[in-house]
Amino acid sequence: MSNLYKVVFVLGPPGSGKGTQCALIQKNFGLVHLSAGDLLREEQESKSQYGQLIAEHIRNGTIVPVAITCALLENAMKASGDCAGFLIDGFPRNQDNLDGWQKNMADKVDVKFTLYLSCKVDVCVSRCLNRKQGRADDNEESLRKRIHTYNTQTYPIIEYYEKLGLVREVATCRDTDEVYTDIEKIFKEAGF
Ligand SMILES: Nc1ncnc2c1ncn2[C@@H]1O[C@H](COP(=O)(O)OP(=O)(O)OP(=O)(O)O)[C@@H](O)[C@H]1O
Ligand SMILES: Nc1ccn([C@@H]2O[C@H](COP(=O)(O)O)[C@@H](O)[C@H]2O)c(=O)n1
Ligand SMILES: [Mg+2]
């Protein structure tokens, strides 16, 4: 039996439904959902020394240095206790995230696969603009920047995992339940 944490990365454009689907997977499979974006927002609100830097990155849709994000993820994993594994939502988001993760976490985890939630940009933008969670980056200007970051920095990370045969893609421009049915099959096939 391996003592390594089981990890599934969850990637996709802003508003593709990562948080929505992770909540369902957590409920049904017992994996713990850790959203890198949520952890960064909590860190920012906790009056951390990195608060201003994080706020600027979030507003501009750019990516916070990995040392900060990876430490938040590792601390949250340690605090979670026993679980079936972790759904790491919104990470690794660029090459710096990937390099920092490989350097600090690769020997502590067993990355099972990357769940790639694909969705058309216009649907994603409309979902974010209607989300009404008071996020500082759910406005047209920030969304343009977030999508640019996704296309230029995050999609290449999905391609990297694709070349390793580690991507499971699910199209999310459909009802939440239909999307989840496909995701459920993938997790069952992976032995969760
Ligand atoms: N399949 C779906 N059909 C319609 N609306 C959806 C669907 N999935 C999610 N939504 C809604 O779209 C919005 C964005 O979803 P969610 O927060 O899960 O996306 P996300 O990928 O985590 O976004 P972000 O990257 O910005 O955090 C939410 O209001 C959610 O309720
Ligand atoms: N690995 C990450 C993840 C997120 N961010 C920053 O947070 C913003 C919101 O992320 P969501 O996943 O909640 O949409 C994102 O636009 C980044 O500014 C990050 O830096 N690194
Ligand atoms: Mg989210």
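Counting starts with 1 at the first residue shown.
The backbone N, Cα and C atoms fix where each Cβ goes, and this holds for glycine too.
Note that this is a predicted model, so its numbers are computed, not measured.
Database features, via TrEMBL:
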BINDING   Gly15, Ser16, Gly17, Lys18, Gly19, Thr20, Arg131, Arg174  ATP binding site
BINDING   Arg41, Thr62, Ile63, Val64, Gly90, Phe91, Pro92, Arg93, Arg135, Arg146  ribonucleoside 5'-phosphate binding site
BINDING   Asn97  CMP binding site
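Locations of recorded TrEMBL features on the structure.
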residue : record                                   : DSSP (3 states)
Gly17   : ATP binding site                         : coil
Arg41   : ribonucleoside 5'-phosphate binding site : helix
Ile63   : ribonucleoside 5'-phosphate binding site : coil
Gly90   : ribonucleoside 5'-phosphate binding site : coil
Asn97   : CMP binding site                         : helix
Arg131  : ATP binding site                         : coil
Arg174  : ATP binding site                         : coil
Contacting binding-site residues, sequence order - Gly15, Ser16, Lys18, Arg135 vs ligand 2, Cβ under 6 Å: none
Other C-beta atoms that fall within 10 angstroms of the C-beta of Gly19 (ATP binding site): 17
Asn97 (CMP binding site) as reference: those binding-site residues from Gly15, Ser16, Gly17, Gly19, Ile63 with C-alpha within 10 Å of it: Ile63
Cα-Cα distance, maximum over Arg41, Thr62, Ile63, Val64, Gly90, Phe91, Pro92, Arg93, Arg135, Arg146, record's ribonucleoside 5'-phosphate binders, Å: 21
For Ser16 (ATP binding site): intrachain residues, at least 6 apart, with Cβ closer than 8 Å: Leu117, Ser118, Cys119, Cys124, Thr172
Site of maximum Cβ density within 10 Å, from binding-site residues Arg41, Arg135: Arg41
Contacting binding-site residues, sequence order - Arg41, Ile63, Pro92, Asn97, Arg135 vs ligand 1, Cβ under 6 Å: none
For Ile63 (ribonucleoside 5'-phosphate binding site): intrachain residues, at least 6 apart, with Cβ closer than 8 Å: His57, Arg93, Asn94, Asp96, Asn97, Thr149, Gln153
Whole-number Å value for how far Gly90 (ribonucleoside 5'-phosphate binding site) lies from Gly17 (ATP binding site) (Cα to Cα): 11
From Arg41, Pro92, Arg135, the binding-site residues whose CA lies within 10 Å of that of Gly19 (ATP binding site): none
